[in-house]
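Asks: Pulled the feature table from Swiss-Prot, pasting it below:
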type: BINDING; residues: CYS439, CYS445, CYS485, CYS489; note: [4Fe-4S] cluster binding site
type: BINDING; residues: CYS489; note: siroheme binding site
Amino acid sequence: MSELIDVKTILSGTELGPLADNERLKRESKYLRGTIVEDLQDRITGGFTKDNFQLIRFHGMYQQDDRDIRAERAKQKLEPLHNVMLRARMPGGIITPKQWLAIDKFAEEHTSYGSLRLTTRQTFQFHGVLKPNIKLMHQTLNSIGIDSIATAGDVNRNVLCTTNPVESELHQEAYEWAKKISEHLLPKTRAYAEIWLDGEKLETTDEEPILGSNYLPRKFKTTVVIPPQNDVDVHANDLNFIAIADNGKLVGFNVLVGGGLAMTHGDTATYPRKADDFGFVPLDKTLDVAAAVVTTQRDWGNRSNRKNAKTKYTLDRVGSDVFKGEVEKRAGVQFEKSRPYELTERGDRIGWVEGIDGKHHLALFIENGRLLDYPGKPLKTGVAEIAKVHQGDFRMTANQNLIVAGVPSEQKDHIEQIARAHGLIDDTHSEQRKNSMACVAFPTCPLAMAEAERFLPEFVTEIEGVLKKHNLPEEDNIIFRVTGCPNGCGRAMLAEIGLVGKAPGRYNFHLGGNRSGTRVPKMYKENITDRQILTEIDQLVGRWATERNENEGFGDFTIRAGIVDEVKVSKRDFHA
């Protein structure tokens with residue numbers, strides 16, 4: 001069957017089978033309204049109906065419960081302690097001190113956990129918001145210029161942007177494009193304002209010129225990247241704009257399409273995949289290309305099997321060149337050959353850096369992104385105290401850290417003093433710890449199969465011990481990530497060592513990613529315990545320490561030494 005006939009078959013729907021039930025749900029939702037208002041008025045249950053459980057995602061929320069107490073509540077004949085997690089829409093992760101103080105106050109007064117969670121989507125999450133407080137939450141955010149539209153669901157999610165305050169002018173341009181792309185691809189329905197902000201119900205017909213009345217087949221993620229930093233992990237995303245500068249001025253973007261990390265255990269038709277390079281476009285074509293990629297995926301994506309609905313599978317099904325050609329046609333552009341660039345690092349530069357504008361920026365390492373007042377380490381209070389005096393802004397990073405940006409020289413010492421007094425600067429944190437990351441998982445995530453956030457700190461301590469045992473210096477560390485399920489929020493499928501939760505206390509153990517985030521790791525051992533994993537790491541690090549080439553990273557070593565095969569083409573190699 002030729003590619004052209006294949007595409008026609010796909011478009012006619014004959015290849016893919018009956019539509020998934022989510023398509024019915026979206027079609028009947030009256031542009032994402034559903035019966036959410038009625039559910040909010042139902043105080044008999046703390047949860048939402050089956051359909052609205054899905055629909056609230058388009059409004060930036062997930063229904064969850066506290067899994068630590070689920071069994072005990074069941075014994076008492078009580079329903080699970082339903083609550084919602086909200087993820088804010090913050091393109092590029094920039095938030096003002098005034099906004100920060102407002103979200104800090106809400107988290108303290110109206111969430112079950114009293115914490116703020118910085119996430120790999122370069123924004124913050126509230127966890128444990130009970131139904132009576134949901135509308136208040138949205139109205140509080142709206143009062144400070146924040147919303148949560150389309151941070152979940154089958155839409156374009158929060159747009160990430162490289163956090164690079166040193167290159168202040170270029171960063172500002174890239175950040176502005178991240179905001180423009182976010183606004184351009186945002187749902188146009190008034191449902192959010194009507195439901196949460198008591199907006200006037202207008203007698204108008206909603207239209208979604210880009211997303212369509214059934215929205216996208218699956219979630220869609222976009223980034224704006226300033227090389228050589230790859231802090232946003234381009235290959236975890238559907239659409240990436242790599243900033244190309246000429247004499248310090250942004251002139252256009254290289255466009256990468258079709259990355260993504262989610263998969264399903266036991267389903268070899270699912271796999272993590274790197275994005276394909278489509279080529280360069282000038283700035284004035286950016287929004288046209290963004291819309292063309294989204295609408296092509298909207299029309300060609302798999303709406304029958306949600307496990308194969310993401311852009312990466314569409315590219316592999318129709319062919320990358322065919323997809324690219326359709327984007328060119330819809331955008332009225334011809335991709336030029338990509339301009340040279342290199343991605344070399346992913347970590348945040350923890351500590352102080354000075355920008356070319358003479359202002360100072362303090363990157364704070366926040367382990368797992370969890371801002372909470374721990375005994376002896378009141379991290380959440382510390383950031384609030386900084387916000388009370390800070391004259392610049394805060395920048396949340398895709399590594400779950402926080403940058404205090406735009407600090408004038410005369411305020412630098414005072415900001416550092418506050419940070420140190422509250423444990424936000426800890427000189428004992430190793431480079432290994434700073435290069436380790438986990439998703440939330442238990443107790444709040446309903447998809448978690450194993451611990452991640454609560455597991456990581458102590459396990460990293462054990463990895464630190466292994467590195468020390470083999471006499472490896474501080475700079476020789478390993479990109480280590482844990483995700484509680486195969487959906488990939490912790491981006492373990494771009495790590496040198498990636499653990500993917502399989503069952504309580506058990507993980508699939510992946511090796512072979514690289515430090516720059518441009519290679520997918522391969523499964524080394526399946527469904528093994530953390531003790532078995534540590535034993536394996538000890539043996540592997542021992543070999544790395546004695547057999548490696550000069551400056552050879554751990555992931556590169558595991559491939560050269562034949563410990564795992566390199567994943568070059570995911571569809572062919574990942575499960576081979």
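Here the Cβ of each residue, glycine as well, is placed from N, Cα and C on the backbone.
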Asks: Within 8 Å of the Cβ centroid of the [4Fe-4S] cluster site residues CYS439, CYS445, CYS485, CYS489, which other residues of the same chain have their Cβ?
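Replies: Checked against the 8 Å cutoff, the neighbours are VAL440, ALA441, LEU447, ALA448, ALA452, THR483, GLY484, ASN487, GLY488, GLY490, GLY501.
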Asks: Other than its own, how many Cβ atoms are within 10 Å of the Cβ belonging to CYS489 ([4Fe-4S] cluster binding site)?
Replies: 23
Asks: Let me check the 10 A CB neighbour count of CYS445 ([4Fe-4S] cluster binding site). How many other CB atoms are there?
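Replies: Its Cβ has 21 other Cβ atoms within 10 Å.
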Asks: Cβ atoms within 10 Å, counted per site: which of CYS439, CYS485 has the most, among these binding-site residues?
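Replies: Selected residue: CYS439.
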